[in-house]
Ligand SMILES: Nc1ncnc2c1ncn2[C@@H]1O[C@H](COP(=O)(O)OP(=O)(O)OP(=O)(O)O)[C@@H](O)[C@H]1O
Ligand SMILES: O=P(O)(O)OC[C@H]1O[C@](O)(CO)[C@@H](O)[C@@H]1O
Ligand SMILES: [Mg+2]
């Protein structure tokens with residue numbers, strides 16, 4: 001689908017989202033029922049002006065162009081559905097994330113309480129549920145307390161995506177609003193569903209709600225569940241710290257989620273202050289020699305008598321296999337690192353005790369915290385307002401603290417990653433005072449550098465073998481080149497998504 005770009009004065013660009021009127025003519029419209037709702041009718045500003053948009057980059061130069069904008073979310077005066085005409089469905093896909101049940105709850109309650117929509121179906125077990133399962137009727141009563149539980153009451157899955165079968169099912173069931181909650185893979189699937197719906201000329205709104213505990217979805221400030229995950233990670237870090245400081249030369253090692261993006265590890269480290277070293281996929285690291293991890297561990301133990309290391313699952317990446325959606329599945333980098341550290345210090349006079357904690361699934365399975373619950377409510381209501389107003393082919397999410405409708409293609413074009421040349425990573429390095437690993441000595445094996453394989457096998461013998469395979473040392477700039485990205489969101493000090 002062609003991007004819908006609208007240009008204005010002073011270098012203003014609106015990266016707009018599709019609307020029914022782009023491909024269906026003469027559709028009837030109706031006054032928004034919220035106009036008669038006592039909660040809303042008193043607040044005239046509650047309705048969003050058609051021309052309201054939100055700038056992507058909050059920091060602007062005096063003479064620079066106004067830049068890219070996204071359409072602001074919110075209720076419109078006109079809607080494209082009568083309440084009793086709507087059959088909405090909700091599906092959750094990909095991995096678990098705190099807040100999934102809250103989004104489901106708020107979609108159901110929002111559709112019913114704001115727009116009088118009663119016909120709402122839950123699709124069970126992700127995309128394949130469209131064609132392989134029955135649907136679950138959802139009402140405000142049945143979802144009333146689900147936000148207090150982790151997981152998703154609908155179930156989820158990876159793989160099983162077949163566009164034609166999914167859209168056939170949408171058509172057969174008379175569904176005309178599809179709310180799709182999931183990560184980057186899910187949003188790619190949603191984009192294809194939207195295209196197929198449009199090709200078939202259906203009046204069906206397809207709206208995505210971005211879910212990713214890893215915070216790897218671009219454009220939006222941050223994803224729901226992320227704050228909860230960072231908070232929950234503190235419990236594991238605290239335990240690692242307690243274990244480490246209770247023994248002589250204690251090391252606590254904690255593995256956190258983050259396949260390609262180290263946001264959870266970075267923010268959990270910054271939040272904790274007990275972490276001495278944070279290792280993320282975006283920042284290759286090395287063990288041996290000057291400026292390496294072993295040297296740093298030795299120094300910290302001599303200075304403090306204990307230390308805590310946080311490592312993201314994708315740090316030092318070595319793909320073991322693929323999951324049913326085609327995502328990378330890693331060997332356990334935490335186990336590998338524990339093993340390497342123990343082996344190394346066994347050959348020195350420093351007698352260490354290392355405790356390894358892997359809390360990953362415990363973190364993912366908890367219910368959302370208070371702030372994420374509020375965020376989930378805003379996302380769900382934004383999605384509903386958009387679909388009712390005839391917008392489609394888009395994801396909702398906060399940009400510079402304001403909720404927007406963002407076209408699918410912008411959400412799926414590339415993942416959000418920590419930029420190690422950006423301020424936030426510098427802040428972390430200043431907070432932990434850990435090595436930057438930017439200047440590996442000649443011959444050092446750099447974990448996470450795509451050209452080298454460090455984590456190929458799990459046994460010490462095999463790892464040693466790899467250590468000896470010394471390839472030319474990458475320069476610090478080549479490490480950087482691999483990882484410089486268009487950073488935004490949590491790294492640019494953007495405002496909080498709650499602002500809306
Ligand atoms: N390129 C794609 N086109 C169509 N469907 C896709 C695509 N990538 C993934 N999907 C489907 O989207 C669903 C979820 O994808 P995936 O398992 O990658 O999780 P995700 O949404 O990225 O969430 P997570 O953050 O947990 O990884 C799966 O059913 C998968 O088959
Ligand atoms: O075991 P699963 O369900 O594939 O999930 C693991 C993956 O899910 C994520 O949490 C993303 O949802 C990644 O960090 C992790 O690699
Ligand atoms: Mg994903």
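Cβ from N, Cα, C; glycine included.
Note that TrEMBL annotation is computational and uncurated.
As given in TrEMBL:
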- 214: active site, proton acceptor (ACT_SITE)
- 95, 158, 159, 183, 184, 185, 186: ATP binding site (BINDING)
- 184: Mg(2+) binding site (BINDING)
- 212, 213, 214, 257, 258, 259, 313, 361, 362, 363, 364: substrate binding site (BINDING)
- 469-480: compositional bias 'Polar residues' (COMPBIAS)
- 487-500: compositional bias 'Polar residues' (COMPBIAS)
- 89-385: domain 'Phosphofructokinase' (DOMAIN)
- 459-500: region 'Disordered' (REGION)
- 185: site 'Important for substrate specificity' (SITE)
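Overlay of TrEMBL annotations on the structure.
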| residue | record | CB count, 10 Å |
| --- | --- | --- |
| 95 | ATP binding site | 21 |
| 158 | ATP binding site | 19 |
| 183 | ATP binding site | 24 |
| 185 | ATP binding site | 21 |
| 212 | substrate binding site | 27 |
| 214 | active site, proton acceptor | 29 |
| 258 | substrate binding site | 28 |
| 313 | substrate binding site | 27 |
| 362 | substrate binding site | 14 |
| 364 | substrate binding site | 20 |
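The two recorded residues, residue 212 (substrate binding site) and residue 95 (ATP binding site), have Cα atoms 8 Å apart. The two recorded residues, residue 364 (substrate binding site) and residue 184 (ATP binding site), have Cα atoms 17 Å apart. Ligand 3 lies under 6 Å from the Cβ of the following binding-site residues, listed in sequence order from 159, 183, 184, 185: 183, 184, 185.
Cα of residue 95 (ATP binding site) to Cα of the residue listed as 'active site, proton acceptor': a span of 10 Å. Counting in whole angstrom, residue 186 (ATP binding site) lies 14 from residue 214 (active site, proton acceptor) by their C-alpha atoms.
With a cut-off of under 6 Å between the Cβ and any atom of ligand 1, the binding-site residues 212, 258, 364 reduce to 212. A separation of roughly 13 Å, to the nearest angstrom, links the Cα atoms of residue 258 (substrate binding site) and residue 184 (ATP binding site). Nearest Cα neighbour of residue 313 (substrate binding site) among the listed recorded positions (158, 184, 214): 214. Note: the CA-CA distance between residue 183 (ATP binding site) and residue 214 (active site, proton acceptor) rounds to 9 Å.
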